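Worksheet: one structure, shown below.
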Amino acid sequence: MNVSALLTSAGINIAISVVLLSLYSILRKQPGNVGVYFGRRLAQEHTRRLDPYWLDRFVPSPSWIAKAWSTSEEEILQIGGLDAVAFLRILVFSIRIFSIAAIICMFLVLPLNYYGQQMIHKQIPSESLDVFTITNVEEGSKWLWAHCLALYIISFSACILLYFEYKSIARMRLAHIAKSPPNPSHFSVLVRAIPWTAEESYSDAVRNFFTNYHASSYLSHQMVYRSGTVQKLMSDAEKVYKRLSHFASTSLDQTCQPSLVRCGLCGGTANSFKMLSESDSSEHVENKPDLGHFDSTMIQKECGAAFVFFKTRYAAVVASQVLQSSNPMLWVTDLAPEPHDVYWSNLCIPYKQLWIRKIVTLLAATVLMFLFLIPVTFVQGLSQLEQLQQLLPFLKGILKKKYISQLVTGYLPSVVLMLFLYIVPPVMMLFSAVEGSISRSGRKKSACKKILYFTIWNVFFVNVFSGSVISQLDVISSPKDIPTQLAKAVPRQATFFITYVLTSGWASLSSEIMQPFALLCNLFNRFKHKSRDISPDCAMSFPYQTEVPKVLLFGLLGFTCAILEPLILPFLLVYFFLGYIVYRNQFLNVYISKYESRGEIWPIVHNTTIFSLVLSQVIALGVFGLKKSPIASGFTIPLVILTLLFNEYCRQRFHPIFKNFAAQDLIDMDRRDEQCGRMEEIHQQLKSAYCQFSFSHKIVKAEGSNHSHMSDEREVKPGLASYPTLGRLHLDGMQQVVTWLSMLTFQERRGQHQPKPTGEESVVGESVDSNVI
């Protein structure tokens with residue numbers, strides 16, 4: 001590939017990025033797209049904004065960039081939590097280290113690479129990119145010490161910055177835990193592998209065990225029920241309830257008269273159901289049948305898992321880390337995740353199956369990694385015109401054209417690879433769910449690791465060892481030759497990595513801020529339902545499992561190619577600067593923080609960065625050996641050892657903070673709550689914190705010209721209320737679902753016979769709908 005092909009790829013991606021960013025600045029101003037680009041603010045702040053003037057709505061503006069840049073880290077912490085701050089710190093670290101690398105390599109290493117051999121250079125657009133790599137330096141050149149010096153500066157700078165970032169994130173994690181309001185997960189322990197006996201139920205077994213062995217600290221417990229028909233019915237009913245309550249509050253005609261139209265659900269007339277007043281509802285609740293017969297049914301639904309609540313945080317942490325039985329496969333305890341973070345469907349998995357599930361998912365992920373060699377090999381064939389012409393002879397005439405060859409070699413390979421990689425995150429999320437994670441954040445963390453390993457293997461190593469699958473397996477079978485093979489292959493593929501940064505980096509950030517899938521869903525919803533009403537429940541959580549591996553992969557490419565191909569560094573810096581702005585904007589406006597892992601992704605970031613540093617040093621060691629520079633090779637070996645020692649120090653110093661809670665902090669928090677008299681209130685909240693089956697009931701006000709009805713929460717018989725996980729089950733909500741479905745059927749049939757609104761009425765509707773949030 002020559003410089004003109006690289007410029008072609010850069011020009012295409014710059015044009016795409018500018019167009020998409022300009023289009024975003026216009027689309028975000030349209031009232032109908034508020035739910036797409038301001039989902040978090042709708043769900044959390046419930047704010048309303050004034051629409052801009054008609055002309056301003058169709059003119060691009062950079063105001064969102066200024067807002068994202070000026071937002072402080074404290075505001076990001078309050079909005080997105082510590083996880084959002086930790087993710088943005090990855091970008092800040094990358095900007096700092098690659099700014100240092102770009103200054104050193106562009107002014108010191110790049111000229112030495114370009115003038116490394118006695119040769120007549122062509123004009124810059126016609127120059128091959130190989131003359132800018134370390135392969136252009138002569139063997140035994142005395143200037144290789146400059147590459148070794150640049151490697152030392154980059155490695156030491158990265159370690160210093162990593163240390164301060166690790167220390168800062170650890171301090172913020174401790175402060176977040178200490179200053180946060182009382183969290184139910186700090187008092188709760190998840191117990192699995194509860195032994196079953198015919199003499200007593202699981203609930204009785206838990207009560208007897210913890211009152212016997214943790215009598216002074218045990219408070220209460222809550223059983224976990226099998227996720228089957230009951231949970232599915234309740235979740236489906238809740239979704240229908242929310243949809244119909246939203247419909248009834250906006251478009252349902254409350255003044256409809258009695259009719260003889262038959263209801264499609266129960267066969268009665270459309271006015272067979274009515275909204276009850278408070279007096280009628282109380283009388284109706286008193287006449288409800290006794291629901292005590294559900295007691296025995298729910299006992300049979302119990303599984304061998306339970307949430308056990310303790311009186312203090314310290315007691316809960318001790319109980320979660322102590323071996324409860326002489327048999328490690330029984331009474332297994334873990335500190336419970338946050339209530340909104342619980343992955344309920346995995347709690348009933350028998351504990352003895354977990355190790356089998358982990359092995360199966362590991363094998364499945366490994367098989368997928370090797371199957372992905374097929375598309376990656378195809379992609380590498382596109383970047384090599386000679387092999388492509390031999391494989392497809394009919395393309396020889398087309399590929400001889402200059403612009404076609406530049407497009408095929410400089411742009412098409414990275415696009416094809418990026419499209420293939422889109423199928424990886426959903427598959428890895430499925431593997432992580434099958435693996436048995438007990439929390440949603442744990443599932444994302446597991447998927448993040450799998451996607452990270454997958455992308456590093458397929459995007460870096462498989463592309464480096466490009467060729468047939470057999471040759472790649474030969475490299476793997478001889479580990480001692482890996483440094484030499486890397487030293488030969490990485491400089492050859494450095495140009496492909498530059499185009500990959502352009503395509504998968506710049507364009508993906510533009511796609512991220514545009515939210516094309518959510519935008520299409522919003523347009524389809526508006527077209528289908530003829531409504532512009534936005535539901536706050538549609539706000540998404542940030543996809544850490546896909547974005548963290550992407551950023552870390554670009555960091556690996558930057559470290560490994562810094563002294564080998566310095567031209568990649570400016571493109572990486574543009575990506576990290578643009579990503580810093582884009583992701584801050586997304587945290588401010590789009591993504592909602594549904595649960596908090598308190599920065600647990602940072603150890604993954606640290607370990608991956610250390611791996612990238614060591615890999616770059618090993619590749620440099622191999623390159624110096626091939627270039628017959630023993631001095632540079634001798635100085636590189638101590639650098640590898642020092643980097644590994646630094647990693648071990650950080651692992652001993654900071655990693656335990658992200659793995660366990662400090663007893664000192666927990667005891668101080670317990671004493672502070674006891675002195676303030678809040679401990680009793682916290683204990684009362686624990687009884688309803690973890691609710692497996694819930695039907696959230698909202699007060700719906702329906703105003704009409706002749707009458708108005710209001711439904712309120714009603715009592716539930718003790719037969720159901722005695723179970724903590726069914727404490728929020730409202731049977732009146734179920735009744736309203738049936739009522740609204742009946743009325744909805746009547747409304748649709750009635751609407752077929754009503755005349756369409758006139759043009760004037762349509763304009764009025766448009767003006768009302770434009771006053772959205």
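In case you wondered, yes, glycine gets a Cβ from its N, Cα and C as well.
According to TrEMBL, the feature domain 'CSC1/OSCA1-like N-terminal transmembrane' maps to 5-165.
Positions annotated as domain 'CSC1/OSCA1-like cytosolic' by TrEMBL: 186-346.
Taken from TrEMBL, the feature domain 'CSC1/OSCA1-like 7TM region' applies to 357-624.
Look at TrEMBL and you will find 750-773 tagged as region 'Disordered'.
For 6-27 (among others), the entry in TrEMBL reads transmembrane segment.
The annotation transmembrane segment is assigned in TrEMBL to 86-110 (among others). Proximity of distant same-chain residues to the transmembrane segment (86-110), defined by a Cβ-Cβ separation under 8 Å and at least 6 residues beyond the stretch ends, is recorded for 73, 76, 132, 146-147, 149-150, 153-154, 157-158, 161-162, 165, 168-169, 542, 544, 547-548, 551-552, 554-555, 558, 562-563, 566-567, 569-570, 572-573, 576-577, 579-580, 583-584, 587, 599, 601-602, 605, 609.
The transmembrane segment annotation in TrEMBL covers 143-164 (among others).
What TrEMBL records for 359-383 (among others) is transmembrane segment.
Taken from TrEMBL, the feature transmembrane segment applies to 403-431 (among others).
The annotation transmembrane segment is assigned in TrEMBL to 451-470 (among others).
If one looks beyond the transmembrane segment (551-583) by at least 6 residues along the same chain, the residues whose Cβ comes under 8 Å of a Cβ in the stretch are 6, 10, 17, 65, 68-69, 87-88, 90-92, 94-95, 98-99, 101-102, 105-106, 109-110, 113, 129, 132-134, 147, 150-151, 154, 158, 452, 455-456, 459-460, 490-491, 494-495, 497-498, 500-502, 505-506, 509, 512-513, 604-605, 608-609, 611-613, 615-616, 619-620, 623. As annotated by TrEMBL, transmembrane segment applies to 551-583 (among others).
Here TrEMBL flags 604-625 (among others) as transmembrane segment. Taking Cβ pairs closer than 8 Å, the transmembrane segment (604-625) reaches residues 86, 90, 93, 134, 144, 147-148, 151, 154-155, 158-159, 162, 166, 445, 448-449, 452, 483-484, 486-488, 490-491, 548, 552, 555-556, 559-560, 562-564, 632-633, 636-637, 639-640, 643-644, 646-647, 650 in its own chain, all 6 or more past its ends.
Under the heading transmembrane segment, TrEMBL lists 631-650 (among others).
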Q.
Can you tell me which parts of the same chain pack against the transmembrane segment (143-164), counting only residues 6+ beyond its ends and a CB-CB cutoff under 8 A?
A. 93, 96-97, 100-101, 104-105, 108-109, 112, 116, 134, 137, 559, 562-563, 606, 609-610, 613, 616-617, 620, 624, 627, 629, 631-632, 635-636, 639, 643, 646, 650
Q | Per-residue pLDDT averaged over the domain 'CSC1/OSCA1-like 7TM region' (357-624), given as an integer | A | 81
